[in-house]
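Novice: Could you have a look at this structure, given as structure tokens, before my questions?
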Amino acid sequence: MYFLKKIVNLFSSKIESEDNNVKKDDLTQPRKQSPEARKRRNRRIIFWLIILLIIGTIIGVIIYFSVRKEYDNVIVKSAQTEVVNNKKVLYLNTIRPNSTQITRYTIDEDQLLTARVNILNNTNFQIISNASSLGLSRISFNIVREGVEKFKLGETNIYAPISGNTNNQWNWLTSIITQNAGIPSSGFNPQVIISPLISIIFFIIFLYIILRVSKAQSDSLLGTNKANAKLTKSGVRFSDVAGIAEVKEELIEIVDFLKEPKKYVAAGARIPKGVMLYGPPGTGKTLIAKAVAGEANVPFFQTTGSSFEDTFVGVGARRVRELFEKARKSAPAIIFIDEIDSVAKKRGNSLTAVQDQTINQLLSELDGFDTSSGVIVMAATNRLDTLDDAILRPGRFDRQISVNLPDILEREQILRIHSRNKNLSAKVSLEDIARRTAGFSGAQLENVLNEAALLSVRDKATSIHMNHLDEAIDRVIAGPSRPNKVISEREREQVSYHEAGHALIGLYSPGADVVQKITIVARGRAAGYTLQTPERNENILQNKTELISRVRTALGGRAAEELIYGPNEITTGAANDFYKITNIVRAMVASFGMTDVGLTQYIATEGVDNPYRNSYSEQTALAIDIEIEKIIQREYKIVKEMINEHREELELIVQTLLELETILKPQIDYIHQYKQLPPEVIANKNKREASQKQANSSVEEAKVVDDEESIKDKEKDQKSN
């Protein structure tokens with residue numbers, strides 16, 4: 001029992017160490033098992049030990065009875081025959097090795113024939129009979145076949161009567177017994193103990209492997225063995241992040257706490273347990289979290305909200321627990337959950353309670369943090385309005401930091417950071433690039449420089465020039481160009497009028513963005529596009545005049561097509577324009593309260609649980625639709641009037657586009673200011689007309705020569721006739 005108790009304690013400590021990972025008197029460690037759980041675990045261990053002992057005993061018994069007996073070789077001292085009661089008897093005087101004991105064995109003539117027959121048939125000879133009438137002791141031999149002409153002699157009570165005199169057989173058996181004789185061993189056979197022990201050991205190993213494999217398969221089926229967080233050491237610093245100075249200021253305090261937590265604990269300060277970063281995609285939320293971990297030089301656990309969920313119920317909550325346990329052991333550390341809205345949306349909207357379980361576990365872990373644990377949770381989302389209110393309350397994600405799209409100065413700083421390892425030409429102006437990339441995120445700006453570098457390599461240039469950056473911006477906005485796309489001259493002209501209509505309205509609408517570029521080069525699914533950027537720094541708020549200007553600019557393309565080609569020749573090129581127009585006007589009517597429908601917000605701009613569920617009546621929906629259509633038709637009429645009023649300028653823009661295919665702001669401003677074609681367009685047009693005139697004159701000269709030769713040929717024919 002003492003030995004069994006020791007084994008139980010050994011297994012208990014092993015399992016407890018695996019369950020609890022480490023034992024420390026630390027509040028950040030998981031709780032110890034309850035006494036009831038410990039008793040249940042000990043009972044399971046004792047049960048399996050008893051099962052193993054029973055199985056080992058059964059295997060040992062089977063091996064004991066299946067192992068052939070060992071025989072000690074005996075040395076035959078003499079072998080002689082005598083006649084006793086008219087029977088021949090063989091006397092064997094033998095001695096064991098390493099022993100002086102002499103044993104006398106007897107065998108009579110009656111055994112010989114049967115023994116001979118059984119030996120030849122490869123069978124054991126064992127026939128019991130009564131030989132007391134011979135006056136001999138009840139001793140005979142069991143001859144067991146060991147191999148060709150080799151036999152062992154063992155003790156049995158065997159006699160075999162036989163009739164007749166068989167001297168030849170007698171002599172044969174005498175020689176065989178003399179050459180090979182043996183009796184059962186009286187020593188200890190170690191196989192009786194060793195074999196069961198070996199069997200038990202192999203069985204335990206086999207059982208361990210089976211349990212491990214089955215557990216791995218079960219975990220794989222449940223998806224619980226999938227790593228849900230990457231532990232890394234971040235090498236990013238705040239100097240690697242540009243354009244978010246106010247965000248850095250908010251996070252410096254977090255970095256200081258991770259470096260010197262005792263200072264804040266001693267002062268009784270409660271550092272925010274969670275930091276929520278929200279903003280548009282590509283603004284650098286993940287990069288900021290890495291910079292915080294890099295500045296504080298602490299482990300960085302990175303995961304996504306979707307990695308917590310799986311097919312089976314309870315897996316998400318388990319992964320949340322495991323992630324926070326790992327972070328506690330590595331404290332001070334940072335947990336970063338990207339796209340947290342996929343796991344922490346408002347509760348009650350999901351079809352099942354699986355997601356609610358994960359949210360509840362996440363809330364519990366955030367509340368369970370000790371203020372001195374040294375673990376900071378950072379999360380990122382593009383939709384703060386969809387998150388559960390309990391996530392954002394003080395004590396969980398206390399600090400909510402907005403990471404917006406960079407303005408022109410911040411874009412220039414981002415471009416400078418990403419151009420550190422780029423060989424830019426001295427003529428490249430990053431300020432100009434920043435001005436032309438309004439609305440670009442940090443990720444898009446990095447992509448612009450990378451595309452420009454690839455284009456420079458393709459052109460075998462030693463540095464990145466402005467034309468490479470122009471093409472890179474176009475690629476990011478509309479995709480790569482399609483120079484090999486076959487387009488008719490009429491379609492090319494109609495695309496020019498469409499884009500010129502956008503640009504013309506942008507030039508004359510108050511509050512409209514500045515027209516930076518117009519192109520009719522096909523890119524992606526677009527036959528052309530017009531690039532506009534804000535005249536001033538980007539504003540967070542937009543007024544009604546600016547929204548109306550965006551609507552008019554988008555309507556300019558269709559209006560120009562209809563005025564030039566008629567209502568029956570309009571194209572599908574305005575589909576995306578109408579999509580933008582409808583969204584802007586619908587927001588003005590139903591969200592911003594900018595029309596006669598009223599100041600009520602019928603369509604929420606944030607926290608929409610179900611976008612297909614209306615919170616207003618059918619009459620209100622009809623009023624909204626009527627107001628939207630009224631505004632669009634009113635603005636469309638104004639746009640057509642503006643195009644008719646500035647028809648001459650529209651034609652100049654179209655001629656320039658047909659000549660150059662892509663025109664930039666200086667050329668657009670020249671046309672708008674002087675109402676004439678830019679000098680380079682005139683020069684290019686004159687050059688093309690001159691080359692065409694020269695080609696036509698060459699054709700005329702060739703035609704004259706051909707006519708003269710034909711006249712001469714006719715004259716020759718007439719003379720010959």
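Even glycines carry a Cβ here, placed using N, Cα and C.
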Novice: According to Swiss-Prot, His498, His502 bind Zn(2+); which one of Asp398, Asp407, Asp577, Asp596 is annotated to that same site?
Specialist: Asp577
Novice: Would you kindly give the Cα-Cα distance separating Asp577 (Zn(2+) binding site) and Gly282 (ATP binding site), rounded to the nearest Å?
Specialist: 25
Novice: Here the binding-site residues are Pro281, Gly284; which one has the lowest number of other Cβ atoms no more than 10 Å from its Cβ?
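Specialist: Output over binding-site residues Pro281, Gly284: least Cβ neighbours within 10 Å is Pro281.
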Novice: List every residue in the same chain as Lys285 (ATP binding site), at least 6 positions away in sequence, whose Cβ is under 8 Å from its Cβ.
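Specialist: Listed in sequence order, they are Leu277, Tyr278, Gly279, Asp338, Ala380, Val403.
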Novice: Counting distance between Cα atoms, which of the binding-site residues Pro280, Thr283, Asp577 is nearest Glu499 (active site)?
Specialist: Asp577
Novice: Look up Gly282 (ATP binding site) in the DSSP assignment and report helix, strand or coil.
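Specialist: Note: Gly282 (ATP binding site) is coil by DSSP, not helix or strand.
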Novice: Using the Cβ center of Gly279, Pro280, Pro281, Gly282, Thr283, Gly284, Lys285, Thr286 as the ATP site position, which other residues in that chain lie within 8 Å, going by their Cβ?
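Specialist: Other same-chain residues near the ATP site: Leu277, Ala380, Asn382, Val403, Ser441, Gly442, Ala443.
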